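Participant: What follows is a structure written as structure tokens; I'll ask about it next.
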Amino acid sequence: MSRIQNTFAALAAQGRKGLIPFITAGDPDPAKTVELMHALAEGGADVIELGVPFSDPMADGPVIQRSSERALAKGVTLHSVLDDVKRFRARDQKTPVVLMGYANPIERMGADAFAAAARDAGVDGVLVVDYPPEESHDFAAKMRAAGIDPIFLLAPTSTDDRIAAVGQVASGYVYYVSLKGVTGAANLDVSSIAGKIPAIKSRVPLPVGVGFGIRDAATARAVAEVADAVVIGSRLVQLLEQAAPERAAAELAGFVAELRAAIDGAAKPAA
């Protein structure tokens, strides 16, 4: 099994839910990314989503857009992000790392070269926001051949056909976007999430992580009651945007620890 699959199997065996925090590589300081990744793990992250900055992050709200702009202005590239993962792996061989980003940087590198470089760096999963599952069979096969889980998004508007298409190519877990719109949106409706997850699981035999709109321990716990994992990004990026540089890692670890405690108080995993 992959590191991601092992992680979710262990969580299920313990009756616990996953915590998947997101930060943008290179923001607020490229030299601090690896330190921040370790802070996430120390705070209780089960999987780390590391954003690859892109100039047109169409699915992201203003907080993550600004984060990408800052990282790009400081010279962050896909190559430097892979180097961050490699340096993280020097100390942490347990915590899975998922790269989340857009197709253009990967296509510039080439899927085969990317798969090899990501494997060698210690990447465990890849979520390419603008790769539709129906057109991703070759890409997903190349990732799986390199031991990397291809992860896909589903949304409240996803049809049964789209869910089935994801089921044909995804592995690791599925990222369910709980709201229409962009990351960081508010007005989380846990009952609608609970209603959608069985439809997903009937067609995709994978854990379901839920993100978009999770901003604190209370919303994280509410989502953990119905999902297999909680994904949180914009709130963490905002925390880093506002934190004093010398306090950023400690504040990040502390906030993630609060989320961890709240999630561990949630009910048993979704059926």
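Each Cβ is built from the backbone N, Cα and C atoms, and glycine gets one as well.
OK, Swiss-Prot features for this one:
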ACT_SITE  GLU49  active site, proton acceptor
ACT_SITE  ASP60  active site, proton acceptor
Participant: Long-range same-chain neighbours of GLU49 (active site, proton acceptor), Cβ under 8 Å, sequence gap at least 6?
Facilitator: ILE20, PRO21, PHE22, ILE23, VAL98, LEU99, MET100, LEU127, VAL231, GLY233
Participant: Just to be sure I understand the packing, how many Cβ atoms besides its own are within 10 Å of the Cβ of ASP60 (active site, proton acceptor)?
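Facilitator: Result for ASP60 (active site, proton acceptor): 24 other Cβ atoms within 10 Å.
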Participant: Under a three-state reduction of DSSP output, how is ASP60 (active site, proton acceptor) classified: helix, strand, or coil?
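Facilitator: Going by the DSSP assignment, ASP60 (active site, proton acceptor) belongs to neither helix nor strand, so it counts as coil.
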Participant: In the three-state scheme derived from DSSP, which category covers GLU49 (active site, proton acceptor)?
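Facilitator: The three-state answer is strand.
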